Amino acid sequence: MDTQDQHGRTAAPKTTAPRRPRGRLRIALAGGAAAFTLTAGLATPLNPAPQQAEAKAGDGKKVLTVAVAQSVDSLSPFLAQRLLSTSIHRLTYEYLTNYDAENNKAIPGFATSWKPSADKLTWTYTIRGDSKWSDGKQATADDAAWTFNKVMSKEGTATSNSNFVTNFKKVTAPSPTKLVIELKKPQATMAALDVPIVPKHVWEKVDDISKFNNDKMPVVGNGPFVLTDYKTDQYVKLKANKDFWRGTPKFDELVFKTYKDQDAAVSALRKGEVSFVAGQPALTPAQAASLKNEKNIKVNEGPGRRFFALATNPGARTLDGKKFGDGNPALLDKKVRQALFLSVDRKAIVDKVFQGHAVEGAGYIPPRFSDYAWKPSADQELTYDPKRAAKLLDEAGYKKNGDGKRVGKDGKPLDFRILCHATDPNDKAVGKYLKEWWGDLGIGLKVDCLDDVSVPWYAGEYDLAFDGWSVNPDPDFVLGIHTCAALPKKAKESAATDNFICDKKYDDLYAKQLAEYDPAKRADIVKQMESWLYDSGYMNVLAYPNAVEAYRTDQIKSITTMPKAAGNIYGQDGYWSWWSAVPAEGKSSSKDGSSTGVIIGIAAAAVVLVGGGALFALRRRSTAEDRE
Amino acid sequence: MTADSNPALLDTEGPLGPGADGDPAAAGLPSARGPRARDTRAYLLYVAGKIGGAVVSLFAVLVTSFFLFRLIPGDPVKQMTGGKRVSAEQLAAMRKEFGLDKSVMAQFLDYTGNVLTGDFGTSYQFHAPVMDKITEALPATLLLTGTAYVLYTLIGIWLGTRTAWRNGKLGDRFNTGLALTLYSVPSFWLGLLLIITFAVGIGPIPGMFPTGGLESGGETGIAYVLDVAHHMVLPVITLVAVGYAQTLLVMRSSLLDEMGSDYLTTARAKGLRDDLVRRRHAVPNALLPTVTLMFVNLGTVVAGAILVETVFSWPGLGGLFYSALSVPDLPLVQGLFFVFSTAVILMNTLADVIYPLLDPRVGR
């Protein structure tokens, strides 16, 4: 007890005893009242937070909630770039064709059939007659023609989809069920035009397409779901389209809920607040492991559509052949590139870095796209073989010196830099292994981890880089980024190229596959391109990371993966997962937990309410005393 | 409250004001107008100086925000289209659309001109006016950080007073230690712990609160208000837990400074109760440094709490800033930076302007 307290007590001995506890009580009650304001939500039976995915008791609506990490950039199909936005467009608009969940082959969508003319330059699509816009109007070929023409006109539609139409000459709709596309050159990707078809009668009223975000709800569409509500960085709500030609989805509502933090999203799944969580692009091995033993949760692991690779800088150059950048000239020697790849243990990377959640890399296109996937033959394969690598380096003129370092004929040691994404832990981990493996060979390696690697990359100021792309069912795009045409016009300017590869043989094959309408023949040419890429040593595909995601089995009874046998759920090429998802019957286990929570909350709020009343009474008494 | 209990706080006219003993001004003599008018003039000059300083700071922010964020490496257009098929023509068209094809100086002149007319440009990633995105996210931030601000200020002042009054006792040591510990805890980590414990539930603790977001969606009226309150509990607790220590420590140390003062002994000698001495004499005088801190903190309310907003997926300015930086969405980053800085500058200026009214020694 300090002097002040004593002083106080002597000054007013009669009033001290009852006053001190009262002061404490008052403060406790004040704190309680503040807490009450915050916890008030608990006291309500309307408390709607948990179990959104569970059937709501009142209206019996089945809601499927998906945790997503991305923001929606735009709800306009002419502007959207991000996976979440384009996935929403897959669900709300029909595309001319869709991809079979079994085998990725093109199947009818908005068009029921399609065929090229004899000269391969005119494609005719038959448009289905049983597709209606959600405002009741019939969807016709005229809508498709209007959409394609709008993209081709480039009036503020430069952001999205215009790459599909660069080779288009003319698009017309001679009848409501007939769409005709004329081409400048033959194009094998005519059944893979991933362009959402919008309703002409709605969109032709838009003043400036480049500024219209399509966010007036509900949005008129003809896909399996209708977009009904959207709040930035909170949620996107879609309701099942009862008139969808392929059949109504089983869930009444689909909600994409934003979780900026992946661990928070996993917690929400564990609690049952969301039915599904996908990774960015995969759940971490730790998250997957922790969810695997949870009751009512299934961790789904499917072959990924991405490849994880090492790319070398083959000498940055512009479209007209002007060289720039500072790539190590030693890498212009194929033997050096191959030696580097012979000293990379892909199996160790899959086991140690990806902890088994990946498949060992080989060809450029992941095995999930079985038509185009390619594997090197036994004699072509560059397996882990440090001895052969050392021999190749010796042959290339980089012998070991007394210190165990590889030195070129000019006396310079063989040192490389590798660009790594600071945000990707896999890059960093593999970087450490490379340092060790290549160090054993006598090669120095500096791992440059940057938040944004695009600046040195486009400036050609790197020797090697961690590279990775998502591959579509049609491989045209990822093959196209290695053609000479993709090189930048000016030095350091960003362009469509991935890492400055430009080779005549590869380019000829690329042109040939694009003009080849026979699927088997085209696949054969694509594999020849992959074989060339592999031999060149420019691209070393280390692994195909798996798609690791999880969902609640007490909320989702069944769901279609793509490929159907063992594939992924989020970010499919069609709408199969959400369209096919079947709600689980019965009560979710986490529901009990939440009702206990609500009961406790009600009790806590009641205590605080009583306390609040007491506080009020005490305050009145206190002021009365002070007045005395 | 009587005037004598806290002359500094209440007598805004200062020692020369009409209430001061022996001042000729109290007698209402004409000559007394001189010093008062001089005081007012001095104060107005002081205020004008502060406002001028604020305007200069705002301009400096405008210039800095433009050039600073251009130092962020990366090509916004390339980032925006990352992972998607884009032709060189498309990239060029996007550069033109966003004015990125112009020289930096030309861009700067465009930018300053537009800002003066209240136009912060169009967000690259959302294809919407920057101000629309900011005004859309602002209420969520004000609600969250504003509530936390009120709570941590009150708790800080109250606990600071209590601990100082019982300086050196177990309660003081415990409270100061706890506050310092919580102050050093990373807010995102504490947020995650709260999510695991009170949102998901551990052992006998049931999951009582939502894991994130501002609302469940689809609620209206009272149900909506309660729903939002329910969503606010954990993020507010996180912000309060890591935030109250600062106020507590400032309040505690300034009250400790006051505790030996003669006026307190006098007050006690008059026979006043201990808690009256504390509440009516010591605390108001010790509040001055805390008031400064309160204004500084009030400025940061707008900037929100980037990490806490991210962990709890709160759709406020903090989360917006995070997503704008990751593109980088330059117009949005600049707009947000300007708004954040303006809030801090305004609040500091306000504190400067009000302070002489609270403590006449300042601004003379």
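Each Cβ is built from the backbone N, Cα and C atoms, and glycine gets one as well.
Annotation comment: TrEMBL describes B:21-30 as compositional bias 'Low complexity'.
The annotation domain 'ABC transmembrane type-1' is assigned in TrEMBL to B:138-355.
Taken from TrEMBL, the feature region 'Disordered' applies to B:1-35.
The transmembrane segment annotation in TrEMBL covers B:43-69 (among others). Within its own chain, the transmembrane segment (B:43-69) has Cβ neighbours under 8 Å at 104, 107-108, 111-112, 115, 328, 330, 333-334, 337-338, 341-342, 345-346, 348-349, 352-353, 356, 363, counting only residues six or more beyond its boundaries.
Distant neighbours of the transmembrane segment (B:137-159): 175, 179, 214, 228, 232, 235-236, 239-240, 243-248, 250-251, 287, 290, 294, 297-298, 300-302, 304-305, 308-309, 314-320; these residues of the same chain sit at least 6 beyond its ends, with a Cβ under 8 Å from one of its Cβ atoms. As annotated by TrEMBL, transmembrane segment applies to B:137-159 (among others).
Among the features that TrEMBL reports, transmembrane segment is placed at B:180-202 (among others).
Within the chain carrying the transmembrane segment (B:222-245), a Cβ under 8 angstroms from the stretch's Cβ atoms is held by residues 143-145, 147-149, 151-153, 155-156, 159, 179-180, 182-183, 185, 187, 190-191, 194-195, 198-199, 209-210, 212-216, 297, 305, 308-309, 311-312, 314, all 6 or more beyond its ends. According to TrEMBL, the feature transmembrane segment maps to B:222-245 (among others).
Feature annotation from TrEMBL assigns transmembrane segment to B:286-312 (among others).
Below 8 angstroms of C-beta separation, residues 8-9, 12, 43, 46-47, 50-51, 53-54, 57-58, 61-62, 65-66, 68-69, 111, 115, 120-121, 123-126, 130-131, 133-134, 288, 291-292, 295-296, 298-303, 317, 320-321, 324-325, 364 of the same chain, each at least six residues beyond the ends of the transmembrane segment (B:332-358), sit close to that stretch. Residues or ranges marked as transmembrane segment by TrEMBL: B:332-358 (among others).
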Would you kindly list the residues that approach the transmembrane segment (B:180-202) from elsewhere in its chain, counting only those six or more residues past its ends and only Cβ-Cβ distances under 8 Å?
208-212, 233-235, 237-239, 241-242, 244-246, 249, 305, 307-308, 310-312
